[in-house]
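Below are the features listed in TrEMBL for this protein:
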| type | residues | note |
| --- | --- | --- |
| BINDING | GLY163, GLU164, SER165, GLY166, ALA167, GLY168, LYS169, THR170 | ATP binding site |
| COILED | 895-932 | coiled coil |
| COILED | 1018-1052 | coiled coil |
| COILED | 1115-1229 | coiled coil |
| COMPBIAS | 598-609 | compositional bias 'Low complexity' |
| DOMAIN | 1375-1653 | domain 'Dilute' |
| REGION | 639-661 | region 'Actin-binding' |
Amino acid sequence: MSVNELYSKYTRVWIPDPEDVWRAAEIIKDYKEGEPILYLKLEDETPLEYRIGPKDNALPFLRNPDILVGENDLTALSYLHEPAVLHNLKVRFTESNHIYTYCGIVLVAINPYEQLQIYGEEVINAYSGQNMGDMDPHIFAVAEEAYKQMARDERNQSIIVSGESGAGKTVSAKYAMRFFATVGGSANDTNVEEKVLASSPIMEAIGNAKTTRNDNSSRFGKYIQIGFDRSYHIIGANMRTYLLEKSRVVFQAEDERNYHIFYQLCASASLPEFKDLALTSAEDFIFTSQGENIFIEGVNDAEDFEKTREAFTLLGVNDSNQSSIFRIIASILHLGNVEICSERDGDSCHILNDPHLAHFCQLLGVELEQMEHWLCHRKLVTTSETYVKNMSRKQAANARDALAKHIYAHMFDWIVEYVNKSLHTSSKQHSFIGVLDIYGFETFEINSFEQFCINYANEKLQQQFNQHVFKLEQEEYMKEQIPWTLIDFYDNQPCIDVIEAKLGILDLLDEECKVPKGTDQNWCQKLFDRLSSSVHFQKPRMSNTSFIVIHFADKVEYQCDGFLEKNRDTVYEEQINILKASKFQLMADLFQDTNKDSSISTSSSSKSSRVNVRASKPTPKVPNKEHRKTVGHQFRSSLQLLMETLNATTPHYVRCIKPNDEKEAFSFESRRAVQQLRACGVLETIRISAAGYPSRWTYPDFFNRYRVLMKKSDMTVGDKKLVCRNLLETLVKDPDKFQFGKTKIFFRAGQVAYLEKLRADKFRSACIKIQKTVRGWLQRVRYQKIRKSAINLQRYGRGYMARRYAEQLRLTRAALIFQKQYRMVRERRDYLKVRQAVVTIQAFTRGMLTRRIFQEFLLHHKAMIIQKHVRGWLTRRKFRRARNATITIQCAYRRMRAKRELKQLKIEARSAQHLKKLNTGMENKIVQLQRKMDDQVQSKNHGSTHVVEVHCSIRLVAYTMSAIMQRRLNERTIFWHNIHFHLQSYFLKLLKLLCVAFIFLFSVKEETQLESSASQSVGRVQAELDEERQRYQNLLREFSRLEQRYDNLQEAKVCVCLCMYVSVLCQDRCPMVPCLLLPFSSNLATRETILLRAAWSLTPTILPFLPWNWETLTMQELESENKKLKNDLNELRKAIADRASQNSSSNELQDGYNLLLGQLKAANEELEVRKEEVLILRTQIVSAAHQKEETTNQIAQLQSQARKHEDELAAFNTQIELLKDDIEKKQEMLNHTMSLSPEAQVEYSVQQEITRLTNDNLVRTLQPPTPYTLIHIIVLFIMSQKAKLILYQHSSFETLCEYGPKDTSWNGTRREKDFEGMLEYYKEDEAMLVKTLITDMKPNAVSATVPCLPAYILFMCIRHADYINDDQKVHSLLTSTINAIKKVLKKNNNDFEMTSFWLANTSRLLHCLKQYSGDEAFMTQNTAKQNEHCLKNFDLAEYRQVLSDLSIQIYQQLIKVAEHMMQPMIVSAMLESESIPSLAGVKPMGYRNRSSSMDGEGPGSYTLEALIRQLGQFHSVMGEHGLDPEIAGQVIRQLFYSINAVTLNNLLLRKDVCSWSTGMQLRYNISQMEEWLRGKNLHQSGAVVNIEPVIQAAQLLQVKKKTSQDAEAICSLCTSLTMQQIVKILNLYTPLNEFEERVTVSFIRNIQNRLQDRNDVPMLLVDTKHTFPVLFPYTPSALSLETLHIPANLSLDFLTRV
């Protein structure tokens, strides 16, 4: 670009100004090259003619576009020069209140002279883990960069903080160390980071003082090495100090103070422990009152002294050493007040009883006389003799002051050494970060030895800085493969050579110090002679006792007076020897080491450091000469060691700037700032950057920013690099103005401004075109509106005239109509009057005639009504009389017929035919049964031989009984005995079949099908029982009628005897039951044989006594019974044999199961047959009773016997009900037994059956057993014996189990009737229980079961321990549970799923302890069954509190884990991802990342969908684990607070995201999160309220910010933001292009004034560590404990359900 293009009209420039250094102006006329005058206009509209000359004034500097003003990085400015840098810093500091600004790799920090809320822990957390340049400039960003590079590159780092006094170096270094202490805290409990921070108040107390420029100026340099281990945790620290300003101990200039520790000690002199120090106010001591002002505004010395003592204590300085330190400090004050009196001759002096000297000697424990003598005398040692010489008063005063300085310096060194010992660690140091807090370049009116050393150190640091900046630039160019051109940069090596080279200033000074009579004037003359030829050394014109050194920053004139004395640092040996003999150990230790240096205190670095650092205090070859080495030589050696350390590390630079000398807050003096910018090397960095390619853009950013300059055809090319290359080659003709790197485009200074100008011109052209089009459209719209208005006016006017004419016509016509109507009305009115009169006369006449006719008709009608009623009454009376007579006759006749019929019925009722009719149905049924049995016998001729033999036997018995029936009727009762015995035999076989069925049922898996089948069978039995009961009632009624009618039956006595005989027989058979209860033999076959023999042993006894008809029935019954049982038994055995051979098919298992159900059905049918047999027997008894009418005298006995029979049948029904209940119990017992192990099954079955057998035996000892009770006893006994046999033959049981399912893990829920919801375990199994349920538990192991299953199981175990009243068991289990949960959480402290799982289980266990505690407050929602399960013996309120605390800890850990997982996502998802594509604009880049800053790194590009997906995952995991919805809502609420805090903090710390487009993106993202809350039904959890600050911040970025109305709207809108946050966002608001306007300072001040009345907390950033108090609402469980099922995969077989 030519000069004509750059310096055109409206271009803004910078011109020099004597007051403001630089002043802004605007060109009002195009400048042509060669013109002598440039026409300008100042900001106040004043015209100015700026002369241009090749020698006098060059063309002024160009100003940067407004969009670049206020950039975070000075190197991002298009025009890099001094006025641009100064203006950018001023705008950021005064308007935006930003004290930090990047300048390449340098952080420029301007002292605000005000406490800012930007150093809290929230800010540290915000900058931790961020790349340098991602956030706004900050000291924490530099510290984070150093920490990150140390961890990534495994290279030691250094942070070099420099600046002049009062610029804020100490504070910056302190904040950097605070960052390291927070981020890299020690891994153990040694609190090393606290000790590192505690060293700061100590060093400030003994090394900082008030100066005219700074209230807390460091009067020494220090380099603190913070050591880290391989995990990058702080393990220790080490401190080196440089050039303590000892002269301040004895002298302070006006308005300055001594070191803070003196004033702190004087302020606390009234404390009891300091009474013996004899201190008063600091005004009373010479060493503290020379500055005339002993106070610092806003500083409380007494409070600071307490902080200093606390720091001493934290670092391990015991009370004794602290007391000794304070004694030494107090003694120095007293030494300064010692008055030395001059003798008359003036060559000698003395001290007269000075109390301060006495206090000095007393405090230090030295001899008063000796100290008094040697303060006024000195010893001279020659080769031949030694003699004492008097000193003049001035010499004695100097010696006294030198002694005071020497004591303080040694004490300072001892404290530094002690601090290093306290911070030293025995652990191996892997790396370190050094923080160098050293004095900046100083120049005063009078500059002495101290200023010379300080400026010498700054020359060395500046040289190292220049080399490092040059090196970084070279690395960046090489990385991007840009052709490297050698850049000329300022090298201050010649100036350093003047100071430290051979025969330089320091060499000549040391040489003059060795001369016995050397003076400052002689040394100065030598400097003139030796160095006058150097360009960096000058001789003042008007002085021979000073010299000038031209430093890199400025010329400095040094006064030679005192150089030699300060370099020698002379202290008389006699005085030191007195101090060595001190009675106080600390004082003696300070001076025992004669080899110790008097001014420098450093320590060698750790052995593990990568830098080979030599000791800063080498042992001199002549140990007896304490002061052989000069101060200058020591300082040069220590400085050289420091430079070696810095060169071996990666440096990071912080340049502190003092904005004004009046210490006014946010006041910026350009002249003072420029001086410091030139001195600290910031401008040199700018110059080096400007010499190359300072502006650097990535290809995507350049494409997005300048694509408006491209053609439409260029946009179709896919390669953005090629597009950018073509565009630049088109726009910029000079190829040297830019270079293409691998990832970036490099521009010369001014090229970005040129591109911005082209872009602005393009936009301006587009705006003009838009304006032209819009204005034309507006004019057309205006014309159309006017034309339309004219047409409307014409239309309305014409319409008005037409309406007036029409109105006139209407009025004329209306008048005519009115006349016509009036005339008509008048004539009609007359006519109507006449007509009305005529009608009235007619009406009255006709009415009178009609009324007369009506009266006559009314009289005739009333007469007819009277006649009707009289005639009707007469007719009704006649009818009633006839009807009553007829009814009387009918009744008499019917009564006569009824009596006859009743008599006939009574006769018939006493006849036998009636009874036969009643029994006809029963006989038919018996015949049908006989036919059925005959058919079955014929269809099963292939039956067993045993059945045939039994059938023949029965027929033989029937024949014999028919022969003797007539003779021995009384012996018929034997039949009952035989029937009962046969029942017993057949029921034994049936029970054997049932036992086999029970054993087989143990292997059946389909429990639910068995239950349904059993329920259907019970229903059928119930229906049959109801039918049987109805039949029995009918028979009972018939039998009652027969008893009344046949009152003289002779066979009643036989029946009674028969019943009595049956009872006796049953009693005789009872002894068989104990016989059957004997132990079984080795197998069931033997026992079956014994039972069969016992059953058939009585058969010959009863066969001869059976009647023929009974024999037939018995034969049929036995034959049918035998066939059924045999067939069933064979089929069952065959099924079991088939099962043993085929065990792999699940269908076979189902077939076996169906077969078993068939057998059970057959057994039920057998029971029905037995019931029918009873009915048949009763029918036969009644038939026999009918044949005997002779026994009329036995009516009473027959009635009694009938009642007995009725009772017996009732007992049978009762037994049936009992059997039904017993079947149900056995079914439930079977379900429970199936869930146990084989041994537990046997034991449980034996226990249950023994209990029931015992109860039944007790009952049967009181009453004779019936057949059904006998059967019940046998059933129970066989089952118990069978179980024992299984225990002895376990192998055979396993064989049977093979037919069942192999997998025993059944997830169905079994309900046991008597289960009380408790789990029993042995004490020795407690560890296994805790290990299984807690230590080794995985959430997915119980994912398919009841949520919080471990909590329920643990509580059921606790319930059992409470049930058995075992307090030790309860205490041990709860303690082990709590400890195990803590261990699991500690082990999985980063696992969200595990933490959520145990939070849900812990809270559920807590709820169970409350729900079943017995407290009425917790029992309101319990069921009756749950109330029965309440704890009985123990009050576990204390454990509830412990579990509540544990739940809170787990909740906090859950929040911590979730926040840690979301932390990397929040900023990227909420602020950086483009949820609305192409909305975010691109502006010129801010901070240029250094070449190694982003290597191998990059922020994760998380989207909003990823963040919402993560939240959804958290919510689903908590839901799956059964966490209470209220707690889950609180977790989401806390996470939304964290999202709000991190997002808002980053928004407040990042200028690049404070724009309108970011506000739009942020509002859209928040709406998506609100939609997610509504979808999860969490909108009532309070989460939306927590993100209200971010919502208001997004709205603040979008609203207008110009007028007072806008300010009022902002104040009413942003109620959730503090004033500091609102002002910060407004200050950070950055337009994306020049068409947007910045927020003016006046608008921000208006906002501040409006918000003054708010009582906001002075807080800028949101506390990211804040946690809302968690509330665990009481949520009782609706789950019944007795229904809980434990999956088999948990391996909890040692638990027993109770």
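Glycine is no exception: its Cβ is also placed from the backbone N, Cα and C atoms.
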If you count other Cβ atoms within 10 Å of each one's Cβ, which of the binding-site residues GLY163, GLY166, GLY168 has the most?
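The residue with the most neighbouring Cβ atoms within 10 Å is GLY163.
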Using the Cβ center of GLY163, GLU164, SER165, GLY166, ALA167, GLY168, LYS169, THR170 as the ATP site position, which other residues in that chain lie within 8 Å, going by their Cβ?
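Along the chain, the qualifying residues are ASN111, ARG213, ASN214, SER217, SER218, GLY440, CYS656, LYS658.
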I'd like the number of other C-beta atoms within 10 A of the C-beta of LYS169 (ATP binding site), please.
27
So how many of the residues in the region 'Actin-binding' (639-661) end up helix, strand or coil by DSSP?
9 helix, 8 strand, 6 coil
So what's the average pLDDT for the coiled coil (1018-1052)?
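The predicted confidence over the coiled coil (1018-1052), as a mean pLDDT, is 62.
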Restricting to the chain of GLU164 (ATP binding site) and a gap of 6 or more, list residues whose Cβ falls under 8 Å of its Cβ, or answer none.
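Once residues fewer than 6 apart are set aside, GLU164 (ATP binding site) is near ARG213, TYR439, GLY440, PHE441, GLU442, CYS656, LYS658, GLN676, ALA679.
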Relative to the Cβ of ALA167 (ATP binding site), which residues of the same chain, six or more apart in sequence, are found under 8 Å away?
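For ALA167 (ATP binding site), the qualifying residues are ALA109, ASN111, ASN214, GLY440, CYS656, ILE657, LYS658, GLN676.
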Using a Cβ-Cβ cut-off under 8 angstroms and a sequence gap of six or more, which residues of the chain neighbour SER165 (ATP binding site)?
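Those within reach of SER165 (ATP binding site), by Cβ under 8 Å and sequence separation of 6 or more, are THR211, ARG213, ASN214, SER217, TYR439, GLY440, GLU442, LYS658.
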Taking only same-chain residues 6+ apart in sequence, whose CB is under 8 Å from that of THR170 (ATP binding site), what do you get?
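Sequence-distant Cβ neighbours: GLU204, ASN208, ASN216, SER217, SER218, ASP437.
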